[in-house]
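Taken verbatim from TrEMBL:
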- B:20-38: transmembrane segment (TRANSMEM)
- B:58-78: transmembrane segment (TRANSMEM)
- B:90-111: transmembrane segment (TRANSMEM)
- B:131-152: transmembrane segment (TRANSMEM)
- B:182-206: transmembrane segment (TRANSMEM)
- B:218-242: transmembrane segment (TRANSMEM)
- B:254-275: transmembrane segment (TRANSMEM)
- B:304-321: transmembrane segment (TRANSMEM)
- B:328-351: transmembrane segment (TRANSMEM)
- B:392-413: transmembrane segment (TRANSMEM)
- B:417-458: region 'Disordered' (REGION)
- B:440-452: compositional bias 'Low complexity' (COMPBIAS)
Amino acid sequence: MTNYGMVIDLERCIGCHACAVSCSQENNVSLDQQWNRILTEGGDSMDTPEGKYPEDGRDGTLSMNHLPMACQHCENAPCVKVCPVNATYKRDDGIVAIDYDKCMGCRYCMSACPYNARVFNYDEPETLPAEGTGNVEQREQGVVEKCTFCSHRVEEDLDPACTVACPADARIFGDLDDEESTVSRYINKYETDQLLEELETDPNTYYVRGDMTPGRKRHGNELEGTEKKEVGNPDGVATDGGESE
Amino acid sequence: MSTRRDSGVVVPQFGTRGKAWLALLGIVIVAGLAAWGYQLSRGLAVTGMDNVFSWGLYIMLFVFFIGLSAGGLIISSAPKFFHSKRYDSLAALGVLVSLGCIVVAGLLILPDLGKPSRVTGFLTSPDFRSPMVWDFGIVLLYGLFNVGYLWLLTRRDLAKMGSQLAFGVEDTPAGRERDRKLAFWAAAVAMPLAIALHSVTGWIFATQIGRGDWFNPLVAPMFIMKALVSGLALLLVTAIVVDRVTRFRMPRELVPELGKVLGIFVAVHIVYLVAAERLPHAWAANFEFWSITSAFLVGDTVHFWLWTVVGGAVPIALLAVPSWRRKVGVVFAASVAAIVGILFEGVYLIFTGYRDLNIDASPGVTTGTDYTGIGSDVWATVGSYTPTLIELLVTLGIVAVGAMIVTLGLRFLPVQPGGRKPSAVEAGETEKSDAETPPDAAVADGGYVVDGTDGDRR
Amino acid sequence: MSKQEERTESGVSRRSVLLSAGAAAGVLGIGGKQTLDSLTRDATSGSVDGLFDETQVLNTACAPNCRGKCPLNVHVRDGQIKFVEPQMTDDEQYRRGCLLGQSHVQRVYSPKRLKYPMVRSDWSPGDPNPGGRGEGAEFEQVSWDEALDYVAEEMLRVREEYGPESVFFHTGSGDNGMGTTIFGRLASMFGGTQQGWSIDSNVGMGFNRVTGHGYFLPPTNESEDWVNANTIIVWGSDLLASQFQNDASKVLDAMENGAKLVVVDPVYTTTAAKADLWLPIKPGKDTHLALAMINAVLTEGIYDAEFLRERTTAGALVRNDTEELLRMGDIEDSDDDRVVGVHSETGEPVPLEPDTYADVELFGQYEVDGIEATTGLTLLEDHVQQYSPETVADVAELDAEDIRTAARWLATRGPGGIASSYALGRYKYGHVFGQTYAILLALTGDYGKSGTIHAQHPLGASLSSGDYGSPEGAEGAQYLRMHEVPDALENGEPYPIKAIYGMESNMLVNQFPDRQRWMDLLENVDMFAMADIHRTPTVQHADILLPAAHWFEREDITDAWGSHPHISYRAKAHDPLWDARDDYYIINDLAEKLGYEDLFLDDKRGELEKIASNDDRFDFDELREKGNVRIDVDVVKYTDPFPTDTGRIEIYDEDQPVEEEGTVLDLPRPIEDRTAEDHELADEYPLMFMQKHSKWRIHSQWADNAMVRKMNPEPTLDVHPSDARERGIDEGDYVRVYNDRGEVVVRAEYNEGMQPGLINIDQGWWAEDFVEGSLQDLTHMEVNDLAPTFAFYDVRAEIEPAPDVDTSMYTDPESADWLGDYPSEGDAQ
Ligand SMILES: Nc1nc2c(c(=O)[nH]1)N[C@H]1C(S)=C(S)[C@@H](COP(=O)(O)OP(=O)(O)OC[C@H]3O[C@@H](n4cnc5c(=O)[nH]c(N)nc54)[C@H](O)[C@@H]3O)O[C@H]1N2
Ligand SMILES: Nc1nc2c(c(=O)[nH]1)N[C@H]1C(S)=C(S)[C@@H](COP(=O)(O)OP(=O)(O)OC[C@H]3O[C@@H](n4cnc5c(=O)[nH]c(N)nc54)[C@H](O)[C@@H]3O)O[C@H]1N2
Ligand code: SF4
Ligand code: SF4
Ligand code: SF4
Ligand code: SF4
Ligand code: SF4
Ligand SMILES: [Mo]
């Protein structure tokens, strides 16, 4: 079986927002919503550190990290369990999807999602151009939406838009059930964590912390497992573009 | 006419005040409908909710009215279950109030939906893992049960007065006896149903792992306790008001008696359950004995004070002194305070769930309502909420529907078993109680529901 | 049109582009879709349908003056641009693009597009009424013909009255397509003035004195080689924000491969956050620090002696009497001007040939043929005695051990280098830093090897257009460097400027320092025409407004100077919106009106082909077909003899250039302007004020972008909480930033990572984006003598709360009704 998941290397992430922007564009997301957000783990505003500026010329205590956040596609997804009308469901390929024709906009799923990954179209979605952007239809006012793992792309054997967009090669998408896939090998090799692990939602999104990976070389748009797929290889150094094996 | 009165219809005819009251309700309902129409055309953008604070007044009051709906039913059924006639005089009125409240609660769901027309999804593609599906079922069941129970309690009297609402049932002593037995069984169903209703509603919140205090096994028991407190308080308030403005007569002795019960409920709720909930937090968050104690006893929010002082200490104090609780005015005031307290507790619960984000790093989440153009800030790292006029109007409209149901019930159903009894008010306190009735006679004039909610919100 | 026929101009179909991966392009084109059979339940009702089958994908490129120049794919549907993503590069390791490139959709459909040709209402030929220019100016829509008639007539009149050089063919750095090349051809034909640079030229010119390379930052190995660096010292660059297309990934690759990252920056930036060692230097002390590192390398003896002997003049003798290099001719009485070292074994003088190992003494005083002389390295060693790590640690507020660590890493960990930045050149005497680090890298032997680094961005590929820019019969253009233009405008020195046609620039009223002065200077001009895509502050200040096509609305070629080794092709996604036109056709029409009927072809494709034919490293048709082609450039730089007199890195500069302050620069000596603690403005304006390049814009471009403004809604002042609190400024307060020249009002944002005493407002905001004033009202135009460059960051300022300003534009914004207010298809051209 297929179980799609994502690995985001926080050591590589430079907080550039390319993935966030690309997500909005490709998925026709309204300007007042953002499915994929880049948070700053640090000070009170974006791109500021926490800690104290060093007084002795040394590194001091400052620290700052970027944390890209979108739907985590939880295995044990609370949003799925609460949706009264089966509009939110877990697909067999691991993607947590929303049937926009069924969603009645009760927003129960929003309070269920511990990651605030979901947004609701309070207003008529607004895009520039008004006819919409990207490669999917706009959702109606009154329904809830969120990251789809770009299911429309995945179904065409394409990597998600954010993954293709990341200039730091920090995002890797693939099949968690395939032991040979890059996501699986990264999870096995590197220290990864899931957000709010203690809540036992068991997200399909894993974050690498502490150890930099070779990253996913952006050689193609195709999903791993399709023809001519080259992605970073955790077993090799980056010099070979991660193509060994 | 006389049959009617004898059979216990407490408003044989609408007088000027009655008509004015009906007209007022009508206007409020129409205003609510208009507001909802506007909301439908503009979307939920016209509410104060956003992506962070995604449930607002509608759900807060949904929870509140679910709670309110409990009291009447439990008070009317509990004695029956023990074959006691103790509160028989309040039974029908209690169930009527329950019905009004559950209808309000059910209706409050609709304007909260982004796509109300798809509410049919509950029936066509329900997911039985969802507590909301359980809740939907139980609200429906509870509402229908209330209708049936109310009819059961009044059908012989209806038959006696020749009302078509008797649906062919006849008033015979044997029939009355049979109904008494049936009522026992209905009571046996009513209590677990009420408990289930509150538990399930509690579970809607208690199953939410990501929302601060919601994820708490105590939520469901708390909901039951809240229901007992607010439901009984509402019943008392209603009975007292109805006693004053209609021919309904509340037995004098019930006032201190139910007042005492209310006092006990409030005590259990506030002193025990709230403490049980707060203590572990205070204990875990503080080190020194005195800081644990003060964190536990002294709240830092206005909500805390509202519900512990207004909703807890005040009613307990008023009801604890036997001579005070014999005064109708005092019981009335204590009940109102208890209702206010519970309302605030419900509001506070929603706030605790939405105020803080689990991952609150900057810039946070998009509110989903704020994009006005280049240079507008769409981000939030904390939840905040103020209901809009639209939400207030829609809510008032729905509450008015509930009031309408109760009013019409009083007009067409024989809620006073066995006809007229001496009024609690007449029994001795006329002068004093006048002072305790709210000065705004138009509102006091049966406007208990308006009083109980709108009054708090200010 | 059937789907089969729905092909791009370059003949590549949708799916093949979406799926293409170099050689595999097209193979996967048809029938590749496999449905997920596992999606039984709700697979149809619930899944989101992609609109790929109706979408056309074109090749184009983004090319403002960042170091991206990214080939992009544009998705077009229903005649509208819908999505942009990085195009596969010919050489796959260079695939790139940033948030800005991927937000072009909102740029094309921006409400601030310039829509119609317009003329300022109170302007007319002969009666320019320059006082009417500026924010309040009103314009009347005219036809293209009319607008260009005005421009041509005024140009001809000015040429008649003052000479052709009085017409300024002004360009900035807005686009890297063929626009300026084409414009240059017209300028040259006309004999007008073109603009040389006085921005970013500081550090590179200092470096040039040592190595012969550099004007802007010197060449550095192409980024594919960065992974081989063992130590990268990022010096004064937040390169993960200003080099954040795929070059960022190359730095990360190097780190993953074991490299140490050192960041020298007063601010704790995204780049500093990733560093192994961060040196929070005081602004303006970079030359001190580099000298201290030289001191450490020499004291610890960790210099690369072999490299110094082979490729530098370290061992070359400097005459004690004349302070010039000793030449073979001095001792042989010939005109052999090869410099001389002392052979370590024989003690004999030997000539130093370019790139030839010479076993010479590196240190010492010698007497050769009766001439007392000292090696350059010894002179340097003596000179840096005063810059011990301890001394400099005091001055620059650093830790001496950290300085040593950085020096050791650079010297002993194998090839590495210094990714130097433009920020250091935004201090008045930045060129001395260029001189210093060029020498430091020579001591550590970091030139000409895989893994060596000399600048924060690689060189990339530039298209050579041959003599296209100087057509037959051309007068030839005159050049004024930016800092010389004010004198021409104000005093007519060396000649007056009376008419301006500007394009691809927002400099005159937004990006140049001392904005108020430029606005005053422009009053001396009779006709000021601006062609731009957007209605920028500079456009608003002009007399004649010419709406230009967006990059995606025209066919073009771009190269990738400063970026990566590819040339890219731009296909046209749709016609220019409203009445906008491709600059090419505007210039072509103008040329005709000026009487140069045959200067350009009527067909742009033909013209592009003509330009491309000058560069034999690629074929135009192949370029159109593929979207971008890899150009064969040297990946590793500095492998040839250095273009200096000696063919070697010249550690000692015998020219002894003297800076304005009287400092002799035979060896690097720090000179400071406003960063000096005792500067005359220091008491009144205690804060240093810089204007960093931010990831949210490339200069002033994207400032009007709805997608970007969502993340970065308004200008802010980055300030350390201690500086703010001292002045009673709370986080989020609006503050007045001011100095002796002007003021600007912005919202304060506390940032612990800012060095106390240093404040920042990101550059590029349009004047109208500020609540009041503009950041350029505080900057000045004072430049140094040796490498004149605008010193944007060498500015002092003070801040105070501004409680009484009207901030409603941000605190109470009105809902925009412009969303959707544009024609869905172009109606011009
Ligand atoms: N996103 C984006 N990328 C760009 C551009 C853009 O506008 N946006 N512009 C492009 C252009 S044309 C240029 S010239 C480059 C410029 O890009 P960079 O060369 O990176 O230069 P800056 O952004 O000027 O400054 C970078 C850093 O220098 C630090 N700094 C300031 N003063 C000092 C000092 O005295 N000493 C030291 N050591 N550090 C100091 C600042 O804190 C800042 O972090 O970027 C290019 N890339
Ligand atoms: N205070 C301060 N000021 C600075 C700096 C700083 O650090 N601090 N940095 C300086 C630096 S390093 C630089 S390089 C300069 C850059 O200054 P500019 O070169 O003025 O930079 P841009 O903002 O990119 O302006 C380019 C303009 O060209 C327009 N344009 C783009 N493409 C086309 C086209 O195809 N046709 C036409 N007709 N117009 C087009 C854009 O819309 C935009 O208005 O800014 C400098 N200004
Ligand atoms: S992140 Fe939230 S929306 Fe996504 S699957 Fe988990 S609970 Fe559901
Ligand atoms: S808002 Fe829609 S998706 Fe979410 S729980 Fe309600 S019906 Fe389900
Ligand atoms: S997978 Fe697709 S929808 Fe999800 S964040 Fe990435 S781009 Fe957005
Ligand atoms: S695109 Fe990559 S580097 Fe940039 S914010 Fe997203 S994950 Fe981080
Ligand atoms: S702005 Fe620069 S880095 Fe970003 S996509 Fe365009 S060319 Fe590339
Ligand atoms: Mo620049």
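The backbone N, Cα and C atoms fix where each Cβ goes, glycine too.
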Worksheet item: Counting only residues 6+ away from its ends, which parts of the chain sit with a Cβ under 8 Å from the transmembrane segment (B:90-111)?
Response: 8, 36, 39, 58-59, 61-62, 65-66, 68-73, 75-77, 80, 119, 139-140, 142-143, 146-147, 149-150, 153-154, 231, 234-235, 238-239, 242, 248, 250, 254, 391, 394-395, 398-399, 401-403, 405-406, 409-410, 413-417, 449
Worksheet item: In terms of Cβ proximity under 8 Å, which residues at least six beyond the ends of the transmembrane segment (B:58-78) contact it?
Response: 87, 90-102, 104-105, 108-109, 111-112, 139, 142, 146, 149, 153, 186-187, 190-191, 194, 197-198, 201, 223-224, 226-228, 230-235, 258, 339, 342-343, 346-347, 349-350, 391, 394-395, 399, 402, 452-453
Item to complete: Would you kindly list the residues that approach the transmembrane segment (B:20-38) from elsewhere in its chain, counting only those six or more residues past its ends and only Cβ-Cβ distances under 8 Å?
Response: 14, 46, 110-111, 389-390, 393-401, 403-404, 407, 442, 445-447
Practice prompt. Determine whether the transmembrane segment (B:254-275) and the transmembrane segment (B:182-206) share at least three Cβ pairs under 8 Å, counting only pairs 6 or more apart in sequence.
Written response: no
Discussion item. Please tell me whether the transmembrane segment (B:218-242) and the transmembrane segment (B:328-351) touch - that is, whether there are at least 3 C-beta pairs under 8 Å between them, with each pair 6 or more apart in sequence.
Written reply: yes
Worksheet item: Is it the case that the transmembrane segment (B:328-351) and the transmembrane segment (B:392-413) have 3 or more CB pairs under 8 Å, with pairs at least 6 apart in sequence?
Response: no
Discussion item. I need to check the long-range neighbours of the transmembrane segment (B:392-413): which residues 6 or more away from its ends have a CB within less than 8 Å of a CB in the stretch?
Written reply: 9-11, 14, 18, 21-22, 25-26, 28-36, 39, 57-58, 61, 65, 92, 96-97, 99-101, 103-104, 107-108, 111, 150, 154, 158, 163, 165, 238, 242, 246, 248, 446-447, 449-450, 453-454, 457
Worksheet item: Do any residues of this chain, six or more beyond the ends of the transmembrane segment (B:182-206), have a C-beta under 8 angstroms from a C-beta of it, and if so which?
Response: 63, 66-67, 69-70, 73-74, 76-78, 80-81, 83, 131-132, 134-135, 138-139, 141-142, 145, 148-149, 152-153, 214-217, 219-224, 226-227, 349, 353
